[in-house]
Every structure is written in structure tokens, then in C-alpha cells.
Ligand code: ADP
């Protein structure tokens, strides 16, 4: 089983690349952002709770997110491996993921970061906001808040995974297919 954590700032292209990688490596793609948006659209209790955080650009509380992620993994007992996109985003989530995967007799194989400059990313998100319908993409203050959340809570995960010898980074700027190649060469050498 290979399990990959796709890591990167908002707008880095995790979702775009996940679409290619899941096919290539036969992985189940779990995007916490997508699961939250599905729940928001359907007005579930989880969706209504998440919305109050997401629309401001804040992270959803760890316990809520982790329980949701665990349910999503358990809903795919036949999976050959998982591609985690948008999870973990805090140290507590990373610890929960490690403990959970260990309890399933598996582990996180590697964390791969897509790197890109903040200014490029903010511009990408504002552009995406014109068509995505996402409230959190439409306002520069909310986007900046997501970067602040990232810098405070998510960036420390790089050291967490470096200490485990599992951190890899690729340049996230370029043609989509070139970036898929860069990610693939990391995965093929694991
Ligand atoms: P992006 O990475 O482009 O900001 P996502 O679609 O991954 O967007 O996530 C959208 C929002 O969903 C985040 O800003 C956050 O509010 C919430 N969210 C997603 N994943 C998590 C997580 N692991 N922990 C807490 N909140 C999360």
C-alpha cells in the first residue's frame, strides 16, 4: 500500500495534480476541502459547522476534520492506497493520521510538497474565485487569512515530516503535465 500526503499552500495545485496521480498510481483521492464543500452544498450538520470556519478562511477544528477523514478512509476498505489532499494541516492532525494509519497496519509513505511563491498563489486563487463560486476565494483578506493559518499551523508540518525522513518537495510552477512528472519521479523513487 502506498499512501501519499500531498502538501502545499492554498492554491498550490494539490487538487489538480491529485486528479492525475490517483489514476496513475491507483490511489483513492481524499480531499478534506472537497468533502467539506460536498457537505456544505448538501446542508448537512457537518457542512453547516464547517461553513462557519471555511467562509472566513479559518481552519475547521481538528477533531471535526480528523473524524471526517477517518470515516472517509474507512469507507474505502478496498483501496490500494490513499492520496491525502488538504490533510493534515496541523501537527495534531499529522499525529492523528500517523496513529490511525498505524492502527490499520500501514503508514504514510511520503509527504510531497508543491512549492510556489505566495504572490503567484494569491493571484491564482483570486482568478479561481471568479468561477469556483467559493466564498473563500473571492476576497483577498480571506485569502490572506488562509495564508496566515498556513504559516502558523501548517508550515510546522514540514519539520515534522523532515524528522521522519518523509518530506519531499517539488517546484509547483510550470506546465501541469511537467509538475505531474516531477511528482511522479518522487513517487517512483520511493
Ligand atoms: P485550499 O487549500 O485551496 O485553501 P481546500 O479546498 O483544501 O482549499 O480547503 C478549503 C478550506 O477547508 C480550508 O481553508 C479550511 O477552512 C477547510 N479545511 C480543509 N482541510 C482542512 C483541514 N485538514 N483542517 C482544517 N480545516 C480544513
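Keep in mind that glycine also has a Cβ here, set from the backbone N, Cα and C atoms.
Any TrEMBL annotation is an automated prediction that lacks curation.
What you are looking at is a predicted structure, and each value in this text was computed from that prediction instead of being measured.
Residue density at residue 128 (ATP binding site): 15 other Cβ atoms are found within 10 A of its Cβ, drawing on all protein chains shown. Annotation source TrEMBL lists ATP binding site at 11, 12, 13, 14, 15, 16, 128, 174.
A mean pLDDT of 97 is what the model gives for the region 'NMP' (31-60). Residues or ranges marked as region 'NMP' in TrEMBL: 31-60.
Residues or ranges marked as AMP binding site by TrEMBL: 32, 37, 58, 59, 60, 86, 87, 88, 89, 93, 134, 146. Around residue 60 (AMP binding site), the C-beta neighbours below 8 angstroms that are at least 6 residues distant in the chain are 36, 49, 50, 53, 54.
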Going by Cα-Cα distance, which of the binding-site residues (11, 13, 15, 16) sits nearest to residue 134 (AMP binding site)?
11
Could you check which of the binding-site residues 16, 60, 87, 128 have their CB within less than 6 A of ligand 1?
60, 87
So how many other Cβ atoms are close to residue 89 (AMP binding site), meaning within 10 Å of its Cβ?
20
